[in-house]
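Participant: This is the feature table in TrEMBL:
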ACT_SITE  Asp248  active site
ACT_SITE  Asp688  active site
BINDING   Ser212, Lys218, Glu219, Asp248, Lys447  UDP-alpha-D-glucose binding site
BINDING   Lys448, Asp472  Mn(2+) binding site
COMPBIAS  15-30  compositional bias 'Polar residues'
COMPBIAS  77-89  compositional bias 'Basic and acidic residues'
REGION    1-30  region 'Disordered'
REGION    65-94  region 'Disordered'
TRANSMEM  120-142  transmembrane segment
TRANSMEM  148-168  transmembrane segment
TRANSMEM  758-778  transmembrane segment
TRANSMEM  798-820  transmembrane segment
TRANSMEM  882-908  transmembrane segment
TRANSMEM  920-939  transmembrane segment
TRANSMEM  951-971  transmembrane segment
Amino acid sequence: MMYGESPIRLPRISHVSNSGSDFGSSPHHTSYIVQIPPTPDNNPAQVSIVLRGFDFNPASVLVPSAPGDIDSGSSGKDNEPDLTDVRISEDEDEEEEDTLLYKISYPLTRIVKISPIIIALYRVLIVVRVVSLVLFLFWRIRNPNNKAIWLWLLSVICEIWFAFSWLLDQIPKLFPVNHATDIEALKATFESPDQNNLTGKSDLPGIDVFVSTADAEKEPPLVTANTILSILSVDYPVEKLSCYISDDGGSLVTFESMAEAASFAKIWVPFCRKHKIEPRNPESYFGLKRDPYKDKVRHDFVRERRYVKRGYEEFKVRVNALSHSIRRRSDAYNSKEEIKALEKWKHWKVKVEEDQVKEPRPALVAPKATWMSDGTHWPGTWAVPCPHHSRGDHASIIQVLLDPPGDEPVEGKGGEGRALDFEGVDMRLPMLVYVSREKRPGYDHNKKAGAMNALVRASAIMSNGPFILNLDCDHYVYNSRAFRDGICFMMDHDGDRVSYVQFPQRFEGIDPSDRYANNNTVFFDINLRALDGIQGPMYVGTGCLFRRTALYGFNPPDVCVVEEEPSRCCDCCFPRIKKRSLATVASEPEHYIDVEEEDQFDIGLIRKQFGSSSMLVSSVKVAEFQGRPLATVYSSRRGRPPGSLTGSRKRLDFATVNEAVNVISCWYEEKTEWGFNVGWIYGSVTEDVVTGFRMHEKGWRSFYCVTEPDAFRGTAPINLTDRLHQVLRWATGSVEIFFSRNNAIFAGPKLKFLQRIAYLNVGIYPFTSIFILTYCFLPPLSLFSGHFVVETLTGSFLIYLLIITLSLCGLAVLEVKWSGISLEEWWRNEQFWLIGGTSAHLVAVLQGILKVIAGIEISFTLTAKSSTGGDDEDDEFADLYLFKWTALMIPPLTIIILNIVAILFAVCRTVFSENPQWSNLLGGTFFASWVLLHMYPFAKGLMGRGGRTPTIVYVWSGLIAICLSLLYITIKNSEIDGGRFMLT
């Protein structure tokens with residue numbers, strides 16, 4: 001048996017909701033430790049935290065008197081309660097600045113400037129292209145093709161839209177910027193001994209990490225377990241870290257795989273700390289193709305690595321066999337239950353026949369339950385669904401798999417005879433909590449956004465970290481110091497105005513050519529990096545570090561807010577702005593109200609925003625205080641005192657965990673602001689973009705953190721079908737945004753102009769598919785009719801076309817230069833932009849319009865995180881050749897066939913014509929070839945591996961060819977005369 005392991009007995013669920021279920025909570029509770037932050041009472045200077053409109057009592061913040069009591073009130077207008085306006089006020093006797101309260105801190109972030117020459121050339125080329133586009137469109141309008149006015153009109157309309165769409169995409173890229181962090185300065189500021197922290201104990205704020213999964217079949221538990229292991233072993237203070245796994249499917253397989261991961265973490269995490277392992281995902285680490293012994297100097301590394309690798313292989317076998325073992329276990333228990341039910345029925349029958357006693361007839365057949373290892377029913381989803389145990393109907397579950405650690409390091413043991421020598425290595429592990437929110441029929445559970453909001457509430461009660469990092473189950477921590485990079489932005493000067501830090505998404509398992517632009521490097525390394533120079537990048541769903549109070553819907557500190565009542569005739573269009581007091585430290589709701597203005601508060605307003613949980617409401621002000629940067633000589637007004645987060649933590653009791661179960665119930669969000677103004681925003685399949693937009697709309701700032709090595713890595717679908725469906729979901733969410741109040745046109749005045757343009761482009765870009773599809777059909781129409789978009793290929797037309805093309809190429813080269821991507825990646829993005837525009841984007845527009853007009857809801861299925869396919873299962877890129885037919889492929893396939901047939905037809909007609917029109921042939925063939933060149937990845941995907949094209953492709957090609965032939969036959973008595981069709 002390996003060191004640190006014991007015979008595994010999976011934990012029993014002791015915290016489940018009994019709302020609508022036949023399972024209650026156990027009265028027995030194991031010992032827990034809650035990560036509740038200390039109050040500033042033990043700070044060097046006397047500091048009082050005063051909540052406007054509340055009677056602040058530090059004890060009431062940490063330990064609420066009774067469930068349901070509201071320990072704090074508010075004063076507000078328009079049902080917008082002021083919950084967390086926290087002020088630091090020193091005693092009147094201490095008017096002078098106390099030097100012990102402040103600390104000299106060095107900048108934690110810096111701007112890495114891009115070459116001014118490159119930026120200047122970049123902006124000049126943008127201006128040149130804008131001017132050339134305006135002149136070109138003006139020339140096109142003034143020079144119509146009278147021989148084919150319909151062809152000219154369609155082309156001009158499309159070109160005007162393309163110019164407008166390009167402008168929306170290009171303008172926000174005027175101010176690209178790179179940011180860098182200084183982790184050593186962070187350590188010197190927060191983890192070095194000084195007058196306020198003599199022991200050098202970490203003064204960093206806590207981080208709650210959210211990992212979401214919903215389907216144990218499409219999201220393999222082994223992948224999720226590796227992500228959890230990479231989080232538990234990050235280079236961040238153990239006592240400041242908590243990890244929550246949200247299982248929205250309520251699967252016992254996921255639960256037991258997390259329990260297995262918690263057991264294996266007892267040797268994996270200390271091993272990583274001792275030998276500084278990178279990356280700390282065991283699957284990725286043991287699969288590295290480079291030399292694992294490079295730069296390793298400890299003599300015991302080889303032996304311990306071999307031991308841990310063997311342990312991981314055994315761990316993989318156990319996790320992969322969980323589905324089978326649970327089924328066998330459940331069958332055995334169900335057989336016993338059926339025998340008991342039969343015996344009970346026989347006993348009842350004998351009793352009724354002999355004693356003539358009327359008793360209710362017992363059930364003859366026992367339910368096909370799913371059983372846990374301790375012989376109890378699993379309160380979540382059963383393998384054979386039944387009432388109260390299906391994916392949409394099950395109890396809420398919270399289980400602490402790893403208890404919160406203590407404040408002092410716990411060193412491991414070493415010596416001869418031990419397989420693993422962990423002497424001097426901290427053996428503590430971060431808290432790990434399994435969460436499955438309650439689901440009942442008749443409730444709208446709001447998919448991933450609802451699951452994330454449930455985690456926000458549960459974590460606020462159990463650990464209340466002021467910062468939240470969310471990750472998808474297949475995105476693991478690749479750089480163990482990435483958490484510190486993100487905190488640098490939050491703890492820097494004016495860091496309290498930062499709502500979130502977005503990390504780029506990086507992917508593994510992508511084919512070397514990146515056929516379908518799965519890496520999205522243009523978006524992550526150009527678009528988001530450019531937004532970092534304005535108001536910050538968009539939130540893109542995973543790899544994002546949030547400020548908890550920003551998620552709560554509050555405004556950033558010291559920003560201008562809109563007054564409620566207009567006092568001038570033009571105030572309805574241009575609201576008046578007033579400056580908040582510099583003494584105000586916390587985030588506030590929309591309307592700022594002084595204490596003197598409102599002495600009374602309405603408890604109902606508090607419950608309307610956050611719900612009825614007193615613990616949740618009390619945690620808000622504590623999280624706000626913890627999330628402030630340090631009070632330094634540079635920034636003393638809004639900072640927290642140094643050393644205020646080095647105190648001991650209180651233990652987690654039964655009442656706290658029970659309250660966490662209560663706030664993840666399906667009824668909790670009723671008549672509250674959750675999903676509307678608080679937490680992740682509901683109403684869109686792209687809840688990530690909407691949530692980030694709401695924060696920017698309130699005036700918050702975000703940052704883009706690019707680390708070396710990458711902070712996180714994940715997987716992406718590499719086969720064509722899954723990729724198209726992924727793009728379809730994103731585009732549908734954008735259409736929903738366009739038709740909702742989250743359209744950037746309706747945003748408030750705090751959203752900067754260029755940021756507004758970027759968000760406006762998010763909602764508009766799917767509509768470009770209408771014009772792309774039309775433009776792709778213009779070359780075959782031109783070749784079939786013998787006309788071109790212009791009457792003749794004049795010098796002016798060719799010069800304009802040359803300037804526009806060269807300026808685009810120049811912009812591409814400069815973007816590659818300042819972003820660091822390759823030209824091939826830029827070209828792949830251009831190709832898939834056309835493929836997606838003629839397939840997924842078009843369907844997204846149709847679905848969005850149907851939802852707005854007819855109210856038809858759109859449902860999507862999860863994309864499988866991993867799959868097997870192809871002839872060679874050992875092929876790393878076997879999924880690339882996995883072909884699954886979808887209706888999304890019909891428009892691109894039609895475009896390819898039409899353009900090929902049109903080129904062949906036009907060449908034959910021109911060659912055998914008495915009066916050939918070579919200019920029209922040249923122009924039409926050029927544009928048709930341009931379309932086919934963009935469609936090349938799509939065509940290659942249809943051909944499959946080794947050119948073995950699936951039969952369905954031939955079928956659809958034949959149908960399309962027949963339709964075109966019938967269309968041609970209907971043109972009766974047509975003849976070729978002068979390069980064009982003459983109908984008689």
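Placed from the backbone N, Cα and C atoms, the Cβ positions cover glycine too.
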Participant: Which one is closest to Asp472 (Mn(2+) binding site) in space, judged by CA to CA distance, out of the recorded positions Lys218, Glu219, Lys447, Asp688?
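Facilitator: Of the recorded positions Lys218, Glu219, Lys447, Asp688, Glu219 has its Cα closest to that of Asp472 (Mn(2+) binding site).
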Participant: I'd like to know if the transmembrane segment (798-820) touches the transmembrane segment (758-778) in this structure, counting it as a touch only when three or more C-beta pairs sit under 8 Å and are separated by 6 or more positions.
Facilitator: no
Participant: What is the number of other Cβ atoms found within 10 Å of the Cβ of Asp248 (active site)?
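Facilitator: Asp248 (active site) is surrounded by 22 other Cβ atoms within 10 Å.
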Participant: Near the transmembrane segment (882-908), which same-chain residues lie under 8 Å Cβ to Cβ, leaving out any that are not at least 6 residues past its ends?
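Facilitator: Cβ under 8 Å, 6 or more out: 719-722, 724-725, 728, 773, 776-777, 779-784, 786, 835, 838-840, 842-843, 867, 869-870, 921, 924-925, 928-929, 931-932, 935, 938-939, 941-942, 944, 950, 952-953, 956-957, 960-961, 964.
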Participant: These are the binding-site residues: Lys218, Lys447, Lys448. Which one scores highest on other Cβ atoms within 10 Å?
Facilitator: Lys448
Participant: Which recorded positions are spatial neighbours of Lys448 (Mn(2+) binding site) here, meaning Cα within 10 Å, out of Lys218, Glu219, Asp248?
Facilitator: Asp248
Participant: Roughly how many Å separate the Cα of Lys218 (UDP-alpha-D-glucose binding site) from that of Asp248 (active site), to the nearest whole number?
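Facilitator: Their Cα atoms are separated by 13 Å.
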Participant: Inside 10 Å of the Cβ of Asp472 (Mn(2+) binding site), count up the other Cβ atoms and send me the figure.
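Facilitator: So the number of other Cβ atoms within 10 Å of Asp472 (Mn(2+) binding site) is 23.
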Participant: Count the Cβ atoms, other than its own, that fall within 10 Å of the Cβ of Ser212 (UDP-alpha-D-glucose binding site), considering every protein chain shown.
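Facilitator: A 10 Å sphere around the Cβ of Ser212 (UDP-alpha-D-glucose binding site) contains 22 other Cβ atoms.
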Participant: If you pair up every Cα among Ser212, Lys218, Glu219, Asp248, Lys447, the residues annotated as binding UDP-alpha-D-glucose, what's the maximum separation in angstrom, rounded to an integer?
Facilitator: 16
Participant: Restricting to the recorded positions Ser212, Glu219, Asp688, which ones have a CA within 10 Å of the CA of Asp248 (active site)?
Facilitator: Ser212
Participant: Tell me the Cβ contacts of Asp688 (active site) under 8 Å, same chain only and six or more apart in sequence, or just say none.
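Facilitator: Asp688 (active site) has long-range Cβ partners Met538, Tyr539, Val540, Gly541, Cys544, Trp680.
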